[in-house]
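Working notes for the structure below.
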């Protein structure tokens, strides 16, 4: 039915280099009770977890988990959803958007249940679950790159998008429509603020940041769809067409890729659940699932109206190619007042800033794990601060050196798509071991294979699109 306890303890030993300092007491063959009543709900905790930022504090609750999920779930990619509809049309756009939402919700449920697949043992990191499911070598191969890409890559995209949005905001506020700062300077301003916000000691302490980020995300999504509905209520739709002109394989799958990118974020589910207390009477999966349902309901309330209203208002005027989010923000605000445009850009920038520390946390946790393994002691405040400054500088340098990364979002994101749509299904089969050819086994195999096939098709379509359209690779010239 589940992983043997001894295997999980062996996993911890292998991850920490086998040092006794980082190993739990010798495991027995019987399941260990969750000792939440004795240690504040931190049952199954190994010593090294007390030193790492993701599991340093387990005093979270349904509210902290909800806002963490909201802040990381309302991503900047939601702005691109109307572009996907411009390529797919009303019917197929709605079907794919809905199927993707349900698919993401299902795989999230799988991860929530796998967090404590064995009583007394908590797996609070996606990479660790991959290793527990597929073995050390294969688990690291399949898990580390996508998770590190989703962490560092998301922060890099946030620097590019947030920096460009700052520049656009300054242009809107200026009288002559010029920005007083260059793109690099705007990237630097964004990175410095984000770097400061990343100095919170652990994931649970980021609750205030997530709260602000969630409200900012809800605010800009709501205003973006309300403005065209309010201003176009008396307007006829003669000038707007909803016909899809290009029905090629490349065009269609690029649009599907834009929708798929919205549903990233499963790399943070286990980490957020790791901040919750757990005991035999109230396991963390119950609290986490309530948070997942609330956050996904709010994300749907933001995402679906924005997509439908903006596509209804602009139709074929929306570029269906994707690319920088700032171009779409400019399109959505150009027909409205300066105050409205400033509000949308400002809330969007704050949302990006608040998302940055949460997305950076898995990378910080992995780097600190390496440090702790070598030094056999927890990272000091200075060391932790310098590690986060270093990671932020890396993201800033990549953003300045490769400012065209938003044009490659579907190509690179197709690899990380497996984290959301594929791996959880096979993890469930590996750990829970349902009876072969049972409905649950067949369903997870089918869903997992569909996710892998989708990833391959998106990779092929993105590569073909690059071959056809080319890429303006403006290295170090943002």
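Heads up, the Cβ atoms here are built off N, Cα and C, so glycines get one too.
Judged by membrane topology as recorded in Swiss-Prot, residue 165 shares a side of the membrane with residue 239.
Taking Swiss-Prot as the reference, the stretch among 90-112, 113-135 described by the feature transmembrane segment is residues 90-112. Swiss-Prot assigns the feature transmembrane segment to one of the listed ranges (265-287, 380-402), namely 380-402. Range annotated as transmembrane segment by Swiss-Prot, chosen from 41-63, 64-86: 64-86. Remote same-chain residues near the topological domain 'Extracellular' (162-177) are listed as 183, 186-191, 194, 324-326, 329-330, 333, 338, 341-342, 345-346, 348-349, 352-353, 356, 399, 478 (criterion: CB distance under 8 Å, separation of at least six residues from the stretch ends). With Cβ pairs under 8 Å as the measure, the transmembrane segment (407-429) is packed most heavily against 141-161, out of 90-112, 141-161, 292-312, 341-361. When averaged over the topological domain 'Extracellular' (403-406), pLDDT in the model lands at 92.
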